[in-house]
Amino acid sequence: MRSDGILGAGGGGGSDQNRATAVVASRRRWLKRRETWLVLLGVALHAVYMLSIFDIYFKTPIVHGMDPVPPKFSQPPAKRLILLISDGLRADKFYEPDVDGNYRAPFLRNIIKNQGRWGVSHARPPTESRPGHVAIIAGFYEDPSAVTKGWKANPVEFDSVFNQSRHTFAYGSPDIIPIFCSALPHSTWNSYPHEYEDFATDASFLDEWSFDQFESLLNRSHHDPKLKELLHQDKLVFFLHLLGCDSNGHAHRPFSSIYLNNVKVVDKIAERVYHLLEDYYRDNRTSYIFTADHGMSDKGSHGDGHPTNTDTPLVAWGAGIKYPRPATGHSHSDSVTSFVDKHAHDMPTPYDWGLNRVERVDVNQADIAPLMSTLVGLPCPVNSVGNLPLGYMKLNEAEEVEAVLANTKQILNQLLRKSHIKMSNSLFFKPFKPLVDPSSSLSQIDELISAKRYEAAMKLAVDLRHLSLEGLHYFQTYDWLMLMTVITLGYTGWMIVLALHVLQCYSSLSGDLSRKGHLSVQKKHSTKVYLSGSMLMAILTLLNLIEHSPPLYHAYIGMTVFLWTQILSEYRLIRGLWIYLRERKAGYFIKLLFAAAVSVVIVELLVHSFTERKLYTWFFLIAGFVSSILLHISIPWRSGIPVFVCISCWFLSVFTLMPAEIPDNNNLVVMSGAIIIVISLAAKWLDTHAEGNKFWESITFHESRKPMWSKLYFIQIILVGASSVMVFLSTKHRTQNQELHSSHQFINWLVAGSSMVLPLFSGNGILSRLSSIFLGFAPPFLLLSIGYEAVFYSALAVVLMAWILFENASHYSSKVKDSSLSEQNTEEHVTIGSEERYLQLSDVRIPLIFMVLFNVAFFGTGNFASIASFEISSVYRFITIFSPFLMAALLIFKLFIPFMLVICAFSAITKLVRVPRLGCYFLVILFSDIMTIHFFFLVKNTGSWMEIGNSISHFGIVSAQVVFVLLLFALTNLYTRTIRVKPLSSSPSLKTL
């Protein structure tokens, strides 16, 4: 009888047994070398392509070599600027009244209504302190290449308002002030020690410290002539960083009285600074800017793009600032076409702010930098992308045009510099077409200014600025299309190589094509393909060298060319496959398309499950129902298997609805030990009494039974019980005495360590060995558990058992038996093994189910990136003294235990249904790489650091599966390699079932 191969190819006619015996050894050696090479290629490919996201998404936008462009003023509006940044101050908490109807910032509200301008400054995620201050002071948003520094610093030097100033005086946090002033020779600065940042206290005293430093500076000048002379120079910048609101928001939440009182403290400091400077200078030549770097969520955190984090107050007054105007219309901006936080804007000002009648001018956070520069007549920072907000500035029409033109030229210079760098290194340079000749636009603007046609000149300057910003984005993403195409082709080529390998070595397709003469093309073709591929690689390498491309560009292109050369070298197989498919009937293509559609749906579900764990709940609810129906068609309900499979799937579906932050529940962990014992006793009873049952005999088969196995089984049960008792005792003692008793620690280590060795000596039947593995890993998992994840361990094991039963029933109820193992098929089978059959199309379900369960091991109780997965209290029953490496090793081991169970069950199933495990492994990697391509396009370089980091980790996790899964296969092989299944010769025929 014939068995369909993975594409439906039959095993076909007989072959000479002697010839098969003669070639078996060489074929196996060839296969081993080929698969070793394939695995090494996969590891190298994923390692190289994983780095590509840093060349695509995380290249710095900062360039150097541009000349500053000062505005052409006869006299700048101000001689000096005071910048007050209240770290972590939300716009709504600043503008709204308190419960008594009194406003928290009376001084600044008076400024808004009588002296200056106001609005909301829109921050762009990540809404963190360093990126926020860089946007305000330097005029550009988070440099995505900061990911290489762990987000702790800007990796590339940049220009700022402070750099352009004559002198800068700065006081505040040690995390902010040194970023801008530590390497700035013309600066005077100071910061308090890190120890001052105590979350247990009211942090408003930090704001007072900054003000005291500033006041002390002015007081010293009365006795220091040089300092006084410096303070009376122009182009000065004073910066006070007020950290109180941020620290109090984190510690006490933004609704707390401490945070809200800190708003009053900040307002009072602004008032004192204003009066101090006005009394000191008495020349009305000082500009004041008050704002915040980011807001604060209701939970006391920040970083994402929620309006509570992105909306910050902005108040400006003094020299060069317009006076208040009555509100007209709903627009809150006169110069910004879109805001960087991507929220709905131009909404009415909240009524309780009491500012509906005063004109509001919103800005993007980076717009504050050109505003400050222009006020004191400085060039805008050369890396700034901010638009000058004219709604704040008191200038005549000619000065407005000159100010905007200087802002435009500064952004245009960045574009021209990037264009020059790219053109000098490109053989086939593609310019930014909308702005090929900016000099003509600049000349036209100058002519309009000379003719005093300021309105037309302003429009052209604004349009040119907008095009320059688009051009900056164009050159920032200049190589994206090429790199993304190369990487996508590389992944696609790798998947085709895997598919061809599986078809050639693990399906009967190759033998079937040989018999039909479809592989008769001369082998000279392969030599030509390799020669052509080598020439193409040499040409592309030369082009990359001429263009001074980074070294990794060579690796990306070389890897892709190599893969496609390998594919084309298999021209005979591809051609034969095409001829074979053309001969098939419509019904075959329907089956093939259905299998492909189901595979795509499952893979896409897995992709989306990385951000939505609840998808697994729906999956297992549906899987339980569908699988029980399919089993009912094959076997009677009285066997209990369909019901068991359905209930086990539904039970597991509950866990992905639970919170990722696992709450402590010591009693639940202890009870989980009892659940594990009950499950194992049930498995032991089945292993002993169900051997004659036709639906169980394959998994309860033993070549022999040793008395030692039963004793070993009950020793394992005792160890599980002991671990449950130690969970209770260790936790109770540690809670009462604040320490881990040394005897408890010794017993915990002993129980956990010894239990994992015992499965190696258990019975070699599928059910007995897997039950022993389940018991063996239970004690360490229980001792490392703090809550419901202990129950998840049992639920996952029960579903794995259900999977084995499903595969067992499907295998033995199939109408088509394993004819590829018959004597007539030996030649084609020698590359697999005498106890394995060819893969069939229906076998695709095995790697797909494996991937689902493998990912459930990630997300059943959280994932690698979640708080739950790395809850430090999980290790307190083994160690309490801080030891980062040992603690990290224990936490990671806890995460690996569910993976071990899944892979052990997978290995047992491949033996049960007699399919090659490596063939299934390659299919797992193939499906994983479909996910990898998807995550490659989902990598983010904007948003909160958590969002960016998660997108990188998701891509990295699926990319690493080629190594990760293989290593776990090798590790679990210690436990599963001696598993025995019923020999084919003793297997009952379909009729006897």
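Cβ atoms are placed via backbone N, Cα and C, with glycine included.
Straight from TrEMBL, the features:
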- 37-58: transmembrane segment (TRANSMEM)
- 470-944: domain 'GPI ethanolamine phosphate transferase 1 C-terminal' (DOMAIN)
- 480-506: transmembrane segment (TRANSMEM)
- 527-546: transmembrane segment (TRANSMEM)
- 586-609: transmembrane segment (TRANSMEM)
- 640-662: transmembrane segment (TRANSMEM)
- 668-686: transmembrane segment (TRANSMEM)
- 712-731: transmembrane segment (TRANSMEM)
- 743-761: transmembrane segment (TRANSMEM)
- 790-806: transmembrane segment (TRANSMEM)
- 885-906: transmembrane segment (TRANSMEM)
- 918-939: transmembrane segment (TRANSMEM)
- 951-975: transmembrane segment (TRANSMEM)
* Contact between the transmembrane segment (790-806) and the transmembrane segment (918-939) (at least 3 Cβ pairs under 8 Å, separation 6+) -> no
* Asked: Between the transmembrane segment (480-506) and the transmembrane segment (37-58), are there at least three Cβ pairs closer than 8 Å, leaving out pairs fewer than 6 positions apart?
  -> yes
* For the transmembrane segment (743-761), could you work out the same-chain residues 6 or more beyond its ends whose Cβ comes under 8 Å from its Cβ atoms? => 708, 712, 715-716, 719-720, 722-723, 726, 729-730, 733, 769, 772-773, 775-780, 783, 877-879, 974-975
* Proximity verdict for the transmembrane segment (918-939) and the transmembrane segment (527-546), three or more C-beta pairs under 8 Å -> no
* Asked: Which residues of the same chain, at least 6 past either end of the transmembrane segment (668-686), have a Cβ under 8 Å from a Cβ in it?
  -> 696, 700, 713, 716-717, 720-721, 723-725, 727-728, 767-768, 771, 774-775, 778, 782, 785-788, 790-791, 793-794, 797-798, 801
* For the transmembrane segment (951-975), what are the same-chain contacts with Cβ under 8 Å, counting residues 6+ beyond its ends? -> 39, 42-43, 46, 49-50, 53, 147, 610, 759-760, 769, 773, 854, 858, 864-865, 896, 899-900, 903-904, 907, 917, 921, 924-925, 928-929, 931-932, 935-936, 938-940
* To do: May I ask for the residues of the chain that lie six or more residues beyond the transmembrane segment (527-546) and have a Cβ under 8 Å from a Cβ within it?
  => 427, 553-554, 557-558, 561-562, 564-565, 568-569, 571
